[in-house]
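A quick write-up on the structure given underneath.
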Amino acid sequence: MAVEPYQEELAGTCVDAGGSAIGMPQLCGDWVGNQVFWLIITLVVIYFILARVALPRIASVLAERQGTITNDIAAAEDLKSKAQDAEAAYDKALADARTEAHAIAQRARDDIKADLDVEKAHADAEISAKAAESQKAIDAIRASALENVEIVAKDTAAAIVAALGMSADEAKINAAVDRQLKG
Amino acid sequence: MATETHGAEHATEGTGLVFHPMDQFIVKPLFGHGDVGLFTITNVTLWLFLAIVAIVLLMVVGTSRRAIVPSRSQSVAELAYGFVYKMVEDVTGKDGLKYFPYIMTLFMFIVFANFLGLIPMSFTTTSHFAVTVPLALAVFIGVTVLGFVKNGPGFLGLFWVSSAPLALRPILAIIEVISYFVRPMSHSIRLAGNVMAGHAVIKVFAGFAALAAVSPISILAITAMYGLEVLVAFIQAYVFTILTCVYLKDALHPSH
Amino acid sequence: MEGIQFLGAGIAGLGTGIAALGVGNVAANFLAGALRNPSAAGSQTATLFIGIAFAEALGIFSFLIALLLMFAV
């Protein structure tokens with residue numbers, strides 16, 4: 001501290017007449033009682049201020065803040081689960097719609113396929129009927145053609161025999177032509 | 001406490017410089033020039049009272065709005081609370097939290113006394129052994145009594161290192177007992193010594209500032225020392241508090 | 001007699017510097033360990049300060065002895 005002019009009677013065992021310390025002021029026994037007395041008062045006052053007012057207040061504020069934060073987190077958690085529910089519902093609706101669409105498409109496909117099969121069978125039957133008819137016609141034509149060949153051959157044979165100046169009866173010529181045709 | 005030698009005066013002879021590094025620690029009455037009696041209002045009283053005022057301002061007025069979103073002063077108060085609370089919990093465990101208000105009292109007092117002492121022209125209450133020795137003795141006696149109340153004679157197990165070889169144990173016990181009784185001494189001298197040393201060194205540099213040639217260096221040195229002292233003021237409060245927690249832990253759980 | 005007293009104070013003051021070596025040693029080893037295992041460093045700062053405090057206390061003792069020799073004997 002500043003050096004202040006001290007009165008002569010103040011100069012004691014620890015402070016000289018000029019106001020300077022003699023030795024270490026920390027070791028001056030004259031002052032210890034005073035310091036300890038005021039220190040104890042100070043500590044007791046601080047203790048009661050802290051223990052009765054300040055610390056419970058700060059503890060309650062901290063607890064309240066912790067509670068608020070916890071509540072907020074819980075609310076956020078709630079909202080999040082709601083959002084997740086909504087998302088799940090949406091997903092479900094989407095999946096349902098998709099399966100339904102699949103079902104509808106499948107049904108349409110099946111219907112078409114059935115129609116197609118009926119038509120195909122019908123067409124097949126028609127075609128085979130026509131084919132059989134054609135075959136029959138071809139067979140008839142072929143049979144008539146064979147018959148015509150036989151007649152032509154017999155006539156030709158008779159004509160050739162006549163041209164050769166020979167006469168042969170009809171039965172012989174027919175038998176020879178038949179033999180040739182079979183052979 | 002011999003009074004004949006005036007070391008400071010001898011140190012100044014011949015140089016023309018005036019060193020009174022210890023004058024800042026003189027206790028004197030605030031009103032009048034009487035003797036310092038037991039109840040005299042002195043500069044010690046003033047600065048102890050200012051420490052109370054500062055603590056009330058921070059811890060009571062600062063938190064008076066009880067805001068969920070804290071103001072600046074309220075966050076500082078909460079920071080101090082959380083700092084000491086965590087320290088007590090970490091070092092002593094859950095059962096030490098019962099003594100948290102006492103430790104908080106010690107910490108707040110020392111921190112504010114140290115920082116108020118850094119105001120120029122102020123008086124540093126924690127630089128006096130008359131202040132720190134009662135603090136350390138209160139911790140020492142309180143912890144020792146608590147240890148015996150909680151553990152009975154089992155508290156003496158603190159001095160019997162059961163993990164050491166049997167032959168070494170009596171020697172270790174002697175060392176442990178000595179170190180136990182040195183605790184209040186080192187506890188108090190560490191705090192007062194650090195604070196006093198820093199202030200005295202600043203005062204010595206301030207004495208050099210009277211010499212025009214070296215005054216810039218001296219002022220620079222004062223600035224640097226002041227920065228260091230700000231650090232020391234907090235660290236010593238922290239160390240005092242955490243050592244209190246360590247001693248409290250020994251009292252609650254004396255087994256090694 | 002007084003010269004010897006001041007000499008003693010100076011010698012006692014050396015203890016402060018030696019304590020500074022100790023404090024530096026504590027801090028340096030802490031830093032080395034912390035860099036090797038940074039995740040464990042945070043939980044050990046309390047131990048660091050306790051160690052520094054013990055190392056420094058002895059330096060302060062010698063400083064105190066110097067002061068006693070200077071001012072109180």
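Heads up, the Cβ atoms here are built off N, Cα and C, so glycines get one too.
Quick look at what TrEMBL lists:
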TRANSMEM  C:6-35  transmembrane segment
DOMAIN    C:7-69  domain 'V-ATPase proteolipid subunit C-like'
TRANSMEM  C:47-72  transmembrane segment
SITE      C:GLU56  site 'Reversibly protonated during proton transport'
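Neighbours of C:GLU56 (site 'Reversibly protonated during proton transport'), defined as other CB atoms within 10 A of its CB across all chains, total 24. Over the domain 'V-ATPase proteolipid subunit C-like' (C:7-69), the average per-residue pLDDT in this prediction is 89. Annotation note: C:GLU56 (site 'Reversibly protonated during proton transport') sits in a helical segment as assigned by DSSP. When DSSP labels each residue, the domain 'V-ATPase proteolipid subunit C-like' (C:7-69) comes out as 62 helix, 0 strand, 1 coil, counted as helix, strand and coil in that order.
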